[in-house]
């Protein structure tokens, strides 16, 4: 190990000195054995990029809502002993979410799920013409985004010819031998297709590689060529600084069960830039009607101004209210403080991993047991590091992942060969980072020994 690397004592000291160390006590840390470990005790949970942990106050809030349902039933929509009437359950969330994504409150809605929200907004804002109909998306995008984007040109077969539908998608791919997209290559694709692009759809943070896209550089080019910019912020919100207004993003969607800890398959949300016109193309529902007249049951749809006018159904209480606890905690801590700690936490993980004898440099011979990191260096990432387990062609990742689980480290596997590790500032520690690296090494050492037999 290099002398510049932290020792175990250093990591313990950093945790003790950490001004945010108290937030870990706000969460319920999973049991290692329940997660597949061989021993009892708390797991090292580095999987908040997939599903965040349960906030203790979220448990309390859920129990309170169950009590209201039990004692008040339907009247809980209007009279609520905890001042959270179900009729307005989204209202206390909106200011927090707007601040977190860098938007105005009227530009944010809290509803449905990510892919459904994506379809909702594409229905309104993908308006292809004979000359401008293409959608730019990265080829390695999350499958649900890929499926959703491909489905929309087919809905416009009265406007688009079959050959246009077949060629409606421009797929961004990294350069040969590289794992992530270069900003200059994205800009070149936009320039080369400037007259035919209708929408550019990107993630803020790429789910597989952990790459944070340079939206501030991409957005001006998108608008210069006359296209709209949409973002999938599933891995961005609560993880990295989001500045939707400053970046001039047109629309965006997100989920809340990762870094916002709202629970499995919890509610989603979306953003629509003020002034963005839908040309009368809107999927309407009663919860998008003006709240002042919503319960008049009028046959005439009067949309709420802004993003909330694109809502359809009433807000699900039990997948929304757990979100409040983490949003209030973020407000108390200060998101900029979280980002600063995240840089240190993930930076420490990166440094220790790169010091490992199992870290494989590009110049190392092929066939070596180990890992490479495909996530870009700071600042072009969030908390996640994506490790490709080598050799890729031998598909050793599942075995290594299973060994890690048995030793108490909960990461996230993504086929064919990636293990994602994401230390989350609200409940992970520097000491856990050190132990996580040891477990990765132990798992690879066992694989190495098995190959020698």
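Glycine too: its Cβ is placed from the backbone N, Cα and C atoms.
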Residue from 82, 257 that Swiss-Prot also lists as binding pyridoxal 5'-phosphate with 114, 115, 142, 143, 144, 145, 232, 235, 286: 257
Recorded pyridoxal 5'-phosphate site residues 114, 115, 142, 143, 144, 145, 232, 235, 257, 286, farthest C-alpha pair in Å: 31
Spatial neighbours, same chain, of residue 257 (pyridoxal 5'-phosphate binding site) - Cβ under 8 Å, 6+ residues apart: 51, 52, 263, 264, 265, 266
Between residue 258 (N6-(pyridoxal phosphate)lysine) and residue 144 (pyridoxal 5'-phosphate binding site): CA-CA distance (Å): 16
Distant-in-sequence Cβ neighbours of residue 232 (pyridoxal 5'-phosphate binding site), under 8 Å, six or more positions away: 114, 118, 141, 142, 145, 201, 202, 203, 204, 252, 253, 254
Cβ packing number for residue 144 (pyridoxal 5'-phosphate binding site), 10 Å threshold: 14
